[in-house]
Amino acid sequence: MFGSKTLFSWAAKRSKDFYRKKSKIDNFRSRAAYKLIELNSKYRFINKEDVVIDVGFAPGSWSQVAKKLVGNKGKVIGIDIQHIAPPEGVLPIYGDIRDPNTLTKLFEALRLLHEPNTNDSIDCRVVDAVISDMLHKATGIRIRDHALSMELCASALHVALTFLKSNGSFICKFYMGDEDADLQNLLKSHFRFVQVMKPKASLKESREAYFVCLERKP
């Protein structure tokens, strides 16, 4: 007979294999695509013709999903420190999001999207959704992994607060721990709706979850 731990491990492995195999069939770059699909199916933060920034877009599955959701008239900009080929239709910006030069590149990209034939300045808050599936490679030390994820969330939030329009949305992956409540309170000061969700495509034993932040306050 199988013990409870063995059954749990078997079920988790089966779930992981299901989404990995499905991602290959659906031509997504990773199984993470289904996390965004589920999140957006429930909260509808990405719509046709939207402008979306994908922070830390490698390997590109979230950008793939976002581009399908916004359609031909929408725009998806992916930012990453890794120089990987972007999914079709996604504009890549390579650099560290903590580097002001990277944000300058992002601002210029947004300006060209909206006013390609002028050098006039524009309001940089023109983005409908900022999404982030970033997470440091796990160290195995929970406190350390949590602290690192909080740093990444803070960096992604800075991008969101710089470029999101009023009523825009921010989605961010994090590693659960003691600082969750502090970050959630900070998010509530900037967004009218903040909720934590763990998609079905996430492994049950994983401590990852997502902050879903909707309706940015003016």
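Backbone N, Cα and C atoms are what each Cβ position is placed from, and that goes for glycine too.
Positions annotated as S-adenosyl-L-methionine binding site by Swiss-Prot: Pro59, Gly60, Ser61, Trp62, Asp80, Asp96, Ile97, Asp133. Taken from Swiss-Prot, the feature active site, proton acceptor covers Lys173.
Feature map: annotations from Swiss-Prot on the structure.
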residue : record                               : DSSP (3 states)
Pro59   : S-adenosyl-L-methionine binding site : coil
Asp80   : S-adenosyl-L-methionine binding site : strand
Asp96   : S-adenosyl-L-methionine binding site : coil
Asp133  : S-adenosyl-L-methionine binding site : coil
Lys173  : active site, proton acceptor         : strand
Taking the Cβ of Ile97 (S-adenosyl-L-methionine binding site) as the reference point, list residues of the same chain whose Cβ is under 8 angstroms away and which are at least six residues distant in sequence.
Val55, Gly56, Ile79, Leu103, Ser155, Ala156, His158, Val159
Binding-site residues near Lys173 (active site, proton acceptor) (Cα-Cα within 10 Å), from Pro59, Ser61, Asp80, Asp96, Asp133:
Asp133
Identify, among the binding-site residues Pro59, Gly60, the residue whose Cβ has the fewest other Cβ atoms within 10 Å in this structure.
Pro59
Hey, of the binding-site residues listed (Asp80, Asp96), which one tops the CB count within 10 A?
Asp80
Taking residues Pro59, Gly60, Ser61, Trp62, Asp80, Asp96, Ile97, Asp133, which bind S-adenosyl-L-methionine in the record, the widest Cα spacing (Å, whole number):
19
